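Taken from TrEMBL as is:
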- Asp302: active site, for OMPdecase activity (ACT_SITE)
- Lys304: active site, for OMPdecase activity (ACT_SITE)
- Asp307: active site, for OMPdecase activity (ACT_SITE)
- Asp249, Lys271, Ser362, Gln421, Gly441, Arg442: substrate binding site (BINDING)
- 243-455: domain 'Orotidine 5'-phosphate decarboxylase' (DOMAIN)
Amino acid sequence: MDINHKLEELALSLYHIDAVKFGDFVTKSGIKTPVYFDLRVIVSYPGVMELISLLLYDNAIKDSKFDHVCGVPYTALPIATLLSVKTKKSMLMRRKETKSYGTKKSIEGHYKQGETCLIIEDVITSGSSVMETVTDLKKEGLKVEEAVIILDREQGGKTNLEANNIQIKSLFTMTELINILVKNNKISKQMGSDVINYLKNVQAPVTIAETDRTLLPYEKRAELTSNQIAKQLFTIMATKKTNLCLSVDLTLSTKILDLLQKVGEHVCLVKTHIDIIEDYTDNFIVQLKQLAQKFNFLLLEDRKYADIGHTVSLQYSKGLYKVADWADCVTVHSLPGEGILKALNGSVNNESKGVFLLAEMSSEGNLITPDYTEATVKMAAKYPELITGFVCQKKATFKDPGQIQFTPGVQLESSKDELGQVYNTPEKVVLENGADIIVVGRGIVAAKNPEIQAVVYKDTLWKCYTKRVSGKME
């Protein structure tokens, strides 16, 4: 089949059946336009529908891999039906309004979580209709990576969708369609020029759907962060296949170093409380950094800074421990206000350093409120190059996929100690609560064989992560 000849045939057919209109119109995105594309009429022209489906198949679909097709309601539904028959792939149907009776489903059809769905749409301006369908499909655990379109109006829709990781293939751009109509004397050169100039000057508003950070793999999130420590951590986690942070709450440096020799290869991050070490020397830090380099993990000093900015900058860079010289990242309370972040930001001297802000705590009866948590996240947004992530318990705490959810309070079985520390299971913190890096302390440190226990935690946590990003959460 001569694709170019058939595309020209389709363009002229659409013009003849009044699917392409010229005048004064307003699109769904609220944009005034001199040209309007209305495919609803094609249901009365089976020959045109057949030609569209054949062109979409040959030009955009036949080499794609997918399990289902789904037409954006409602104009694309007949085309999706024809393509379902042509490809012998099942069709799913999205309802614009979920039924209030019966199954109450927004997606009709038979499917399994983790399967891939190809979207069919007639025309894109901003891409909002496609994104609405993507959102509903993903809520059902389906993967959506690609959409095929009859006409791209070239007003930002393709850019918006690709920013949301949806690849676009279209039969025409609006420029190509207009050029065909001018060439065949269906519209004047002046009209064609006016429309093309309009396209250049009027773009649809950016439509970015919320990205569920917990469904993105670590290596993808490494590309989305502004903080160099977060980038390193995401990369280490993906490379070593571990999201385990070991909390070395021991009071003797020799015991800490001995423990890390045994378990260092299984962790992405080591959390210290440097001020509880009874035999601290500068040589301990030298050996600690050597182990971090040997086993490829980073160092977090869990200092939980909470004073005024000037004092914190001194605590961070001066004194006996000189934390700024060796810790890749530190924990910080937002309680003192933005000054604490300004001070730390001015202390790093353009080095790669990171801050985990405490947004929530795992201890029973803590006084952090939802309003405090929300204010903490808003404060962090002003310092994207400094903030590595948040110490928190809930997936909904923040949305930025470039930041890390750092969650303590994890053991293989749910429990609570005598001091009110609440422990959750790996499945709960990773699958339900959205944790990215999971802190384990006594569950490994106090074990008879810490190395074996570290492997158990690493494998369990990683299995939960891979299950999460695969979308197979049942």
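Positions of Cβ are set from backbone N, Cα and C atoms, glycine also.
Taking Cα separation as the measure, Gly441 (substrate binding site) is nearest to Asp302 of the active-site residues Asp302, Lys304, Asp307. Of all Cβ atoms in the shown protein chains, 13 besides its own fall within 10 Å of the Cβ of Arg442 (substrate binding site). Closest to Arg442 (substrate binding site) in space, going by CA atoms and restricting to the active-site residues Asp302, Lys304, Asp307, is Asp302. When the active-site residues Asp302, Lys304, Asp307 are screened for a Cα within 10 A of the Cα of Lys271 (substrate binding site), the ones that qualify are Asp302. The Cβ of Lys304 (active site, for OMPdecase activity) has Thr331, Val332, His333, Leu358 as same-chain neighbours under 8 Å, each 6 or more residues away in sequence. In this structure the C-alpha atoms belonging to Asp307 (active site, for OMPdecase activity) and Ser362 (substrate binding site) are separated by 22 Å. Classification of Gly441 (substrate binding site) by DSSP places it in coil, neither helical nor stranded. Counting in whole angstrom, Ser362 (substrate binding site) lies 15 from Asp302 (active site, for OMPdecase activity) by their C-alpha atoms. Annotation note: Asp302 (active site, for OMPdecase activity) sits in a strand segment as assigned by DSSP.
On its own chain, Asp249 (substrate binding site) has His273, Ile276, Gly441, Arg442, Val445 as residues at least 6 apart in sequence with a Cβ closer than 8 Å to its own Cβ.
Sequence-distant contacts of Asp302 (active site, for OMPdecase activity), defined by Cβ-Cβ distance under 8 angstroms and a gap of at least six in the same chain, are Ser247, Lys271, Thr272, His273, Val330, Thr331.
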